[in-house]
Structure formats: structure tokens, C-alpha cells
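Notes to accompany the following structure.
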Amino acid sequence: MMPRRGAAGPRRRRRPAPLNEDNGRFLLLAALIAAYLSAGATVFSALESPSEAAAQLRWNRTLHNFSRIFNISLPELRAFLRSYEAAMAAGIRVDALRPRWDFPGAFYFVGTVVSTIGFGMTTPATVAGKVFLIVYGLFGCAGTILFFNLFLERIISLLAFIMKACHERQLRRSGLLPPNFRRGSAMSGVGSLIGWKPSVYHVMLILGIFAITLSCCASAMYTLVEGWNYVDSLYYCFVTFSTIGFGDLVSSQNAVYQNQGLYRFGNFIFILMGVCCIYSLFNVISIVIKQLLNWVLKKFRCRCCPKCHKSGTRLGRRNAITPGARLRRHKISLEADGQYDSDTDGRRLSGEMISMRELTASNKVSLAILQKQLYETANGYPRNVCINTRQNGFSAGVGALAIMNNRLAETSDSR
């Protein structure tokens, strides 16, 4: 016998809740990073694996020839090489090098620690030094990240100020701005400056040009002083400025240089400016990547959920106000709504619970608040208008994203 269905009928399966936009962006970025890592591993494996195999083959041949010519057994020779590797790890070289733990050397070391470069050519060997490094690096790295974020805030504000001044000058030349206009004056009639913010692409271009110029100048100095070729110098600049810090090339390690004090000062300035500039550039590029992720999610939502949007439109509440929906569905003209003067008579014939007069008044208030916010943001004034939202304390972003929020044109409506 077939089981009898209940009076209420069969239960429908509950549809899974739609994925949050922030979670969707996070998952999409994780998938893109995994694909990026896989692609990078494939390329580097194809480029470097043959060279590694050839070097290993040459080393084995050299080792056997040395053992045969000088009549030294391979176990003894390998034990000697292990001692040499331990000496290399301790910072001992055949050529004369600068002391690692004098004050300039220790200052160079702590600089690489707090900036998270970590070349690895100098490491503490004592237990007390390792314990102190854990505590020292905890607060030092946090303070340096705060310094990088404050540098990012100031460089973005400086670029925004310069680009806004150039924009105002361009408007004056085109006749769209009065010649006697000053920043902070009345904005009536000057709609082209209300809410104006620099584009993230322009900021990225300026920071990119500055980073390339700085790297080229630093590479010229390293090529002249260290004796590296120019490609290796550029490679060292990127590895250092981006705080990757492999440690295969390290500057200012010889015992004596010509104009040693000047070179060490220039090396410090180049590394400091390069790390700050590349950090700022990375954060601006992350905004561009975020915009790309938003565009992909929007396209994905438009392609995969047309039925859901249509059903949501059909099943929407009757009294809900959707811009343009009632006009498209019922073709109610504004003249018909304007015939009602009183609050009780001014209701929509379709049963709406709000009159057009109330809707227009609330829209005017919201528009005035929005214009005031845009004006204060464009002129650098602090915001005094607070809008209650349901977002949490991290809705404006965390870290560098929070610093750049509402400072660039693309970050004003990205969330």
C-alpha cells in the first residue's frame, strides 16, 4: 500500500540561503589564489628544474673527481662539507665580511625583522636571543605595519589633494568653474566637484611609476657599489621592497666599501622608501582585484539566477516600493498621483501604504544628507552625519582597506 499523504501535503525542501557577497568574494579569491599558485609552481618548475638537475649532476661529478685526485674518501669529504655548511649558517665566509653583531650589523638585522623582510643571513644563535626575538618581533612587526598603514593614508591623501587641484585647474580652463572659486566656498552651481574623488587606476599608475623609478635608481647604485649585474640588482630590489627577502643577494655585507657611510645611508633610505611604496602599491592593486571580483560575482549572479530574480519580483510584497516596478507593471502616471492633495486622499489606487508626498519629502531629506556627505568628503572635512546601518564595526574594512575606504572613487560604493 502507498503511504497516505498528510492533509498539509508533502513538505517542500527548503532552499539553501543565498551566499553572502563577502563570503562569495572570499571563496572566489581563494580559488583564484589556488589557481595562481598552481600556475606559478608549474612555470617555475619548468624553468628551474632542469637547471637544478644539471647543477646536481655537475656537483656529483666534481665531488667524485676531487675524492679520486686527492685520495679522500667520500664520507670524510661529506663530513667536511657539512662543517662548511654549518660555518656558512653561522655567517662565516672565506672572504672578509663585516661583523654581523656589532651595532650597525644588529641594526640592519632588527630592521629586516620588523619590516618582515627576513633575509636570513643573520639569525640569533643563543636561546636568550631567540626568546627576545619572539617578544621583540611581536611588537616591532605590529608597529611597523601601523607605520606602513599611516604612510599609505598620507600618500593617498597627498595624491588625492594634487589630483583634485589638477582637476579644478582643468575645470577652470574649460570654463566650468568660476575663476574666483576657492575650496570651501559655496558649492551651488558647481556640480562637477561634488563628491569628486581620484580614481584608483590613476593612483595605481602614479605609485607604479614611482616604484619603478625608485627601483631603477637603487639598482644603479647596487650595480656600481656591489658589482652585481643590473638584472640581479632589479631582482634584489623587488625581493627586498616587497618584503619577500630570500637572502640569496644581500646588500651592504662587505667589510669595506668606498664611501661606506654614504652608501649605508643611501641603502637604508632606498629600502625604507621602497618597502613603503611597494606596500602602498600592493594595497591599491588589491582594490583593483576586489573590483574585478565584484564584477565577476555580479556577472555570475546575473547569469545563474534570472529565475530567482523573476520569482522574487513576482512574489514581492504588494506595498513594497521598488523604483520603476509599479510604473512598469501598472503604468501609473505621475499626473494621476498628483491629483490627490490631502494625506488621506493621496494614496495610490493600487493600495500603497505611503503617499507620493511622503516619499518625495523623504527623498529630498536623504538627497540633502547625501550631498552634504559628498561635499565634506571631497573637501577633506570630517563627517558629522551618521547614518544608522545594520553593518557591524568592520563594515568599512580592516587595515589598509579601511584606510582607503571612501578615499578613492572605486572604494566609495564597492561594499
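Note that Cβ sites are derived from N, Cα and C of the backbone, with glycine treated the same way.
Between the stretches 70-91, 268-289, TrEMBL puts its transmembrane segment entry on 268-289.
Matching 49-67, 106-124, 239-257, 391-409 against TrEMBL, the residues noted as transmembrane segment span 106-124. Listed by sequence, the residues of this chain that lie at least six past the ends of the transmembrane segment (268-289) yet keep a Cβ under 8 A from its Cβ atoms are 29, 111, 115, 117, 148, 151-152, 155-156, 200-201, 203-204, 207-208, 210-211, 214-215, 217-218, 221, 237-238, 240-243, 400-401, 404, 408, 410-411, 414.
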